[in-house]
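Undergrad: Have a look at the structure that comes next, please.
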Amino acid sequence: MMGSLSSMRKSMSTPALFSILSPPLGGVKGASLSTYRELDQEGSSSEDDEYDDNDGFVRELEALADLEAKSTTKSTEINLQGLSNSSVIDSNGHQIFCWTENQKSLAKGAFYYGYIFLQIPGGRLSELLGTRLVLGTSTAVSTILTLLTPILAKWNVWILIVNRVIMGLVQGVLFPSINPMMIRWTSEDEHARFAALASMGGTFGTIFIYPVCGMILSAYDWQAVFYISGVVIALWVVAWFYLITDDPSQHRWITEEELRHIRHNRILSDVETRQKLPLCQILTNIPVIAIAFCSFSNDWGLYLLLTEGPNFMSNVLGKDIATIGFLSSLPYIGRFLMSQASSALVDHYVARPLIVSKLTIRRICFGLMTLSPALGLAIMGFITTDWGLCIAVMTLAFTLNGFNMPAYMNVVDVAPSFSGTVNGIVNGFGAGTGFVVPLITAAFTSENPSNPLGWRYVFLLATVIYGFAFCFYLFAGSAEPQRFNYIHAGPLAHNSDDLEGDGNENEIGNLIGGD
């Protein structure tokens, strides 16, 4: 059972910790903001100047709740990943699961077969129905599937695989749901910090997975990991529906000052997010494709680190399970901390476009996000005899990959009206690597997993993918709203009060269809 610890991961986060790690979500006074923005023309200047940067409590709460969702639901994904790699032993020393290698590989990738399908619908539904309902419902279903996992695993491996596909399906809406809430709750100079805090739950869960799993497994059997996960997620669901609202004006704890700041400075109101969806124009838009390529390359490297990193450390570097558990968390610790720091830094300069252009900022972020792991993986393939140097290079490379959060804010730059949908497209394109990477790695390493040459080819392939993606973005990327944002747009709303009585209760089908 302990032999599976390198793959079994469980996350239980403490949101209060992140209010310390993340800067307060407050506006930067005097910032020059985009003209494509919601503005209340009456008295906005003098009132907003009185707003304290440290008064963004409710927005921090919304971001922390999103982080908790990613952290708790990520735990189920990786717990299942660990179970598919496991040789679980009962109290009598008998192996419970006698799965073939093909069944293990299929179970390992089954989550991602489902994960890719609801990316676009998840983003669009969040734009139309709100993040509260979409994300909350997804997480509630994940709770049920998590609690059923031990029963299904003992019943039949194929039933477990179906469970994993459904789990991936319902969790596919999580990341695309962030942007619609972010646009409703924050100003442009707060986007990266909100997204970094809300999106890094998966990374946070990975950081603390090993000690928590170790404590659970030492006190109970392997099934307890899933039952405890399910209970934690269920408690989060209750808190989510009690505390979170999509409309800032409806939140029970928001102050008049914070609400005024949000209304005066956010980019869009719900009027613009409820246009008909120009899907063909979005899918063929070159800047969107450039972001999608970067997402594909980034997810390729991250899934390589997540699913194959422990195997590399065990077979090539010769480390034991306990050491692997600690070493595997180092890149994620660095990546999480860098995402918070880089997001605060980028927000500072986005609010001051006269210093450096937004496109230059995005190019720098995408460059660090892609080229640092590209270089690090290439080096790792040639230094396998020095495990300490190898781990140091990997940690530094993926720490700098933490610039991914401010980089992905480029989605809001190019698609402010459809950021949830475009985020779903981008994330879905990258998610497909979740079941491709294990197959590619096996093709190079299956004959002799301890041969460094096979792993060198795996790492160099990832380097090439990273490099191509950045080069494409360098020439094709943009930081300006694209034409498809305006195809079906009406007049911009001046504040949230304009939503009253505007006929937003139209049929969802009429809003989704049509170009």
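Each residue's number is its place along the chain shown, starting with 1.
Any Cβ shown, glycine's included, is placed from N, Cα and C.
Caution: TrEMBL annotation is automatic and unverified by curators.
For reference, TrEMBL lists these features for the protein:
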{"type": "DOMAIN", "residues": "63-481", "note": "domain 'Major facilitator superfamily (MFS) profile'"}
{"type": "TRANSMEM", "residues": "155-174", "note": "transmembrane segment"}
{"type": "TRANSMEM", "residues": "194-218", "note": "transmembrane segment"}
{"type": "TRANSMEM", "residues": "224-244", "note": "transmembrane segment"}
{"type": "TRANSMEM", "residues": "364-385", "note": "transmembrane segment"}
{"type": "TRANSMEM", "residues": "391-412", "note": "transmembrane segment"}
{"type": "TRANSMEM", "residues": "424-445", "note": "transmembrane segment"}
{"type": "TRANSMEM", "residues": "457-476", "note": "transmembrane segment"}
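Describe each of these features in terms of where it is and what it packs against.
TA: Nonlocal intrachain contacts for the transmembrane segment (364-385), taken as residues 6+ away from its ends with a CB within less than 8 angstroms of a stretch CB, comprise 294, 297-298, 301, 304, 316-317, 342, 346, 393-394, 396-401, 403-404, 406-407, 410, 452, 455-460, 462-463, 466-467, 469-470, 473-474, 477.
Using a Cβ-Cβ cut-off under 8 Å and counting only residues 6 or more beyond its ends in the same chain, the transmembrane segment (424-445) has close neighbours at 105, 108-113, 115-124, 172-173, 175-176, 282-283, 288, 291-293, 295-300, 303-304, 307-308, 311, 315, 408, 411, 451, 454-455, 457-458, 461.
Here the transmembrane segment (457-476) has long-range neighbours at 286-287, 289-291, 293-294, 296-298, 300-301, 304, 308, 363, 366-367, 370-371, 373-375, 377-378, 380-381, 440-441, 444-445, meaning same-chain residues at least 6 beyond its ends whose C-beta is under 8 angstroms from one of its own.
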Undergrad: State the non-local partners of the transmembrane segment (391-412) in its own chain: residues 6+ outside its ends, Cβ under 8 Å from one of its Cβ atoms.
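TA: Non-local partners: 179, 182-183, 188, 191-192, 195-196, 199-200, 267, 287, 291, 294-295, 298, 301-302, 305, 309, 317, 327, 330-332, 334-343, 345-347, 350, 361-362, 364-366, 368-369, 372-373, 375-377, 379-380, 383, 419, 422-423, 426, 477, 479.
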